[in-house]
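Asks: One structure is given below, represented as structure tokens, and several questions about it will come after.
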Amino acid sequence: MARLKRKDILGLRDMTVEEIDLILDTAEALKDLATRPIKKVPTLRGKALATLFYEPSTRTAKSFELAGKYLGADVITISASTSSVQKGETLKDTARNLEAMGIDAVVLRHSMGGAPHLLARALRASVINAGDGLHEHPTQGLLDMLTIRQRKGRFKGLKVAIIGDSYHSRVARSDIFALTKYGAEVWLAGPSTLLARGFEEWGVRTTTRVEEALEGADVVIVLRLQLERQQKGLFPTVAEYHRFWGVTPERLRLARPDALLMHPGPLNRGVEISTAVADGPQSAILEQVTNGVAVRMALLYLLLGGGEAA
């Protein structure tokens, strides 16, 4: 097994195609573990993982917890709301104390962009970015890549329409960085106030017309309307948003008949996506969740078990 020649997973912008391929290949090899009657192997026995979340999470936090446990690691879950952070302890001090307890890897989600990079420089332990501010969400990007590869068999030449609030979406950024490395044609669509900026150099096309992005799309990635990160006035109302930019069955028919429908979750049904689309035959949303466990198992294996940093 080839080695992952890095200590930390901080983003996909600087990750090579070879590294991404290694992670996806490893995830595919480990994926069936989650479906076995006994979901446990001793690969990471004796290793300790801490998940440290300063923002709410269900899928990412719990899939990392399961990934570690399936591989035999000891896993502790720390929520900022119930930790010494409430007493004024800094992020760096919290992580250093965890390392002093023998933690081998820290999974961090934080509202501040660059927080995982700060920890990576301060710790000997591996740091995995589980989402930092408006920066990146690399493990979501990797599980999206795995889902597309398994369903489509390729990336090059695919038209991928990313619909919704890309401005506030770290998922969109990681998806863009990964997909464009493989030659996919990426479109962003949504209100002009919610479109990510500065991706022209990556070959990304933007439009305020959802229909233009969906026309002939092979993959449709719908993004959540992140009201908690927004200022007022970025769009009229939630109802108006759904009317003009929501992905409905009628709009999805503009994509290719075999188009893949994805969403990083959590869903706002009736806002960015209709229930008929979310639960329809083209939806791979639950498959993404399954692949999330596999990708996170692969990263833990490569960082702590079979892929020691060079």
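Note that Cβ sites are derived from N, Cα and C of the backbone, with glycine treated the same way.
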Asks: To which of Arg36, Arg109, Arg243 does Swiss-Prot also attribute binding of carbamoyl phosphate at the site defined by Arg59, Thr60, His137, Gln140, Gly265, Pro266?
Replies: Arg109
Asks: For the carbamoyl phosphate site given as Arg59, Thr60, Arg109, His137, Gln140, Gly265, Pro266, which other residues of the same chain have their Cβ within 8 Å of the site's Cβ centre?
Replies: Ser57, Thr58, Ala130, Gly131, Val171, Pro264, Gly292
Asks: Looking only at Arg59, Thr60, Arg109, His137, Gln140, Gly265, Pro266, which the record lists for carbamoyl phosphate, tell me the maximum pairwise CA distance in angstrom.
Replies: 16
Asks: What number of additional C-beta atoms lies within 10 angstroms of the C-beta atom of Gln140 (carbamoyl phosphate binding site)?
Replies: 25
Asks: Suppose we draw a 10 Å sphere around the Cβ of Thr60 (carbamoyl phosphate binding site). How many other Cβ atoms does it contain, all chains included?
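Replies: I count 24 other Cβ atoms within 10 Å of it.
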